[in-house]
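Beneath this line is the structure, given in structure tokens, with notes to follow.
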């Protein structure tokens, strides 16, 4: 599991940062890639990575401002040229379906695969797919805006080899059933419960994506215990009044959420073009004083999210 940042800027593209998009790579888990927001030129950014559009199966849109959606029509069109691609689902606020369909209609673009739309309105579970759940809640922005929490199911514990050795169980169907936590009957009539031969479950990973918003209480439960929190940081920590007026957040506000909600790593994202070089470093340093495990991400940065308990 890995995050790759395709656009980390705010409002408009700059030479240093494209507008918003981040890819959640679930290649080992699902052989899929999920995108969160698709700002203008996202598909150009993808050309500079190893991402293949045929692997993109879900797109989550936080809100309908142009710097988060203007890349959608072109990306969807290009995906049609990738051969035999499967269906794609777009999750987003009311209006996202109209935006896509009108853009494709006016440009007379034909899509070779089904697109399903899930328009968001209420907080809660919006997606469940083979061991992953995605939850959403409203944020506080000028227009309807949503944050996302991706939760991986727990994994079975490790097989207790020493305990199995007591019963002289060889490799084969019986061992396979025990690994799956099933009950089995031995030749002598002994009943073994696979759950007794597995260590504690390994908790799944949690990724939280927060785009445009003021500091608001709904972020807390979306971010709770996240392995990685990607949080907008449009303003510096000493500009909270300006951030509030423009319906955005500061680096320090993001760091306070990370500390409060037991987050493991904070990625500052959605960086205004006013912050370059030393000024960008200032945002990161301000946040680190509150939450040390903070990084300010740049376009094409990759963040690995290892299994809990992994030494990687």
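For all residues, glycine too, the Cβ spot is worked out from N, Cα and C.
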Listed co-binder of Zn(2+) 2 (same site as 67, 68, 212, source Swiss-Prot) among 155, 270: 270
Cβ-Cβ neighbours of residue 65 (Zn(2+) 1 binding site) (radius 10 Å): 20
Residue with minimal Cβ packing [other Cβ atoms within 10 Å] among the binding-site residues 63, 141, 270: 141
Between residue 68 (Zn(2+) 2 binding site) and residue 141 (Zn(2+) 1 binding site): CA-CA distance (Å): 13
Residues flanking the Zn(2+) 1 site, with Cβ no more than 8 Å from the Cβ centroid of 63, 65, 141, 212 and excluding those residues themselves: 62, 64, 68, 139, 142, 143, 145, 211, 213, 247
